[in-house]
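Shown next, in structure tokens, is the structure this report addresses.
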Amino acid sequence: MPIKHSGLDRFIIVMNAIFLTLAVLIVVLPLTYVVIASFMDPSVLLSKGLSFHLSDWSLEGYKKILSNPAMIRGFGNAVLYSVSFAILTVVISICAGYALSDDRLKGKSFFMTLFIITMFFGGGLIPTYLLVKNLGLLDTIWAVIIPGAVSVWNIILSRTFFKGVPNELKDAANVDGASEMRIFTSIVLPLSKPIIFVLALYAFVGQWNSYFDAMIYLDNPNLHPLQLVLRSILIQNQVDPGMISDQLAMAEMKRLSEIIKYAAIVVSSLPLIIMYPFFQKYFEKGVMVGSLK
Amino acid sequence: MHNPIEAEHRTMVTRHKSSILDYVKKHYFLYILLAPAVILTLIFKYGPMYGAIIAFKDFSPIKGIMGSEWVGLYNFEKFLSSPNFEVIFMNTLKLSFFGLILSFPVPILIALMLNQIRRARVKKNIQLFLYAPNFISVVVVVGMLFIFLSPTGPINQLFTWLTGEPIMFMSRPEYFRWIYILSDVWTGAGWASIIYVAALANVDPELHNAANLDGANLLQRIRHIDLPTIRPIMAIVFILAAGGIMSIGFEKAYLMQTAMNLPTSEIIPTYVYKIGLQSGDYAYSAAVGLFNSLINIIMLLTVNFIVKKLNEGEGLY
């Protein structure tokens, strides 16, 4: 039976639509501005702002940013770090989550407590830094991918997922004489594609977007991931000197710095823009699979 | 789901082997699967907890953690009596407190509003837009703030046109908190609404129909059907947020800092980073960090206690 709306109800429904539209605009407008600005001719952008005449558009920003060696290296490093981090963290969480979902694992609550304590208490920045330093991991990829590889949240997510896998499946295989390892690799893992996919996506994005660990652990600029390169371009205003020929330096830099920033933002977000539609299916899963209680 | 008979059968099978070692041997594969997570947690999470005792020492990297002299609470007293203490402590508290006040209700509002949209496709598309900023990196968000709020940026073009003068957003201390918190809401509020949206989607439509038949209007139905549905989630989200009130992230504040806005933008995490990793005063900085974690734990326990009292015994634990 359809719901009957009073006059007040209808007013609220209209206001609701207006406010939601506003919210969408608040999100979309700044992003659209950045994308359009990145395609502008730098001089036009400086003098007139955005323009929709095709003659005012150019790819100069993209040419500059794509010929910046630091940017290319940063992009490559970010891909390497994010992919390795995603693989590592998925393997660890899936294995641990599966083990913790099995009733035959003795000491389960001990292990869970061990993990959960770390969600609320930690040694802090300095002791962690000293540890990484003492282990000789400074200026290596390991400093960026290992210390954060165990995510308690991910372990809980995958444990909850495996608890939903019917025990009968495992038992049937057990009766057939399959070893524990066979059961895990050939029965359970093929069923876990959704959870693997969700965890990998979030791990990839998290690593792609982070700069902090790289900033404190990686001194060598050749190892810097994209976000650190972006930080120097966007926030510290250091456009790589190699990007602009020396004689023209100052004036040219002033002309180009804006457009380079816009283009850098777009280029750095490309992988996420491409992945975003894949996320859509898993938005709610990611949050709800391990729902809080 | 568990099968009780099955579980009992399993314990009966294993009861014969009384020694734990035998048991572990039998199910060693499960322990092998668990091992990487446990080992890495012990090293990288519990290792630093042990390392945190340098906060009570006159730490010298050459002597190591054990070799350095104990100095008791010296480092803590040094922080509490330093002229910076009050400013930095209050900056941290205000930034997260005001942040909580804004970023707690906004996602709930968004979810309640989204829940009114009946057409699934429209709702889905709105969600797609509202969730997007969550996937933008903090470097890019702060970079965009600097661009948009610069004296010649698009927002100041408007202000210059209106008042003849640009506003120095990023260098005036009084604006820092506003910019920080509002941009946080911009990036996070949509995403944070997911958990409420999902809970509201599970409300039986018959409930709304019945209430409507009984003459309840839209606002009454939201108040008496929708809100009670998400109340347990609200409590948990609030406890976690309020409990983490001193664990505000370093990453964004550090990027937003300029020499001029430091009077409000210097918070405990950025201070720890600067004195520890930039000036090398490890012990002192570890003490400041530990002090911060302690306050956090106390906050978490207190807030959980209060919410439990107010929420008819429903707390986090």
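Residue numbering: from 1, along the chain as shown.
For all residues, glycine too, the Cβ spot is worked out from N, Cα and C.
Feature annotations, reproduced from TrEMBL:
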- A:12-36: transmembrane segment (TRANSMEM)
- A:75-278: domain 'ABC transmembrane type-1' (DOMAIN)
- A:78-98: transmembrane segment (TRANSMEM)
- A:110-129: transmembrane segment (TRANSMEM)
- A:141-162: transmembrane segment (TRANSMEM)
- A:183-205: transmembrane segment (TRANSMEM)
- A:259-279: transmembrane segment (TRANSMEM)
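Stretch with the largest number of CB pairs closer than 8 A to the transmembrane segment (A:78-98), among A:12-36, A:110-129, A:183-205, A:259-279: A:183-205. Pairs of Cβ atoms less than 8 Å apart link the transmembrane segment (A:12-36) most often to A:259-279, out of A:141-162, A:183-205, A:259-279. Remote same-chain partners of the transmembrane segment (A:259-279), defined as residues 6 or more beyond its termini with a Cβ less than 8 Å from a stretch Cβ, comprise 34-35, 37-38, 40, 42, 45, 60-62, 64-66, 71, 75, 79, 201, 204-205, 208-209, 226-227, 230, 233-234, 239, 243.
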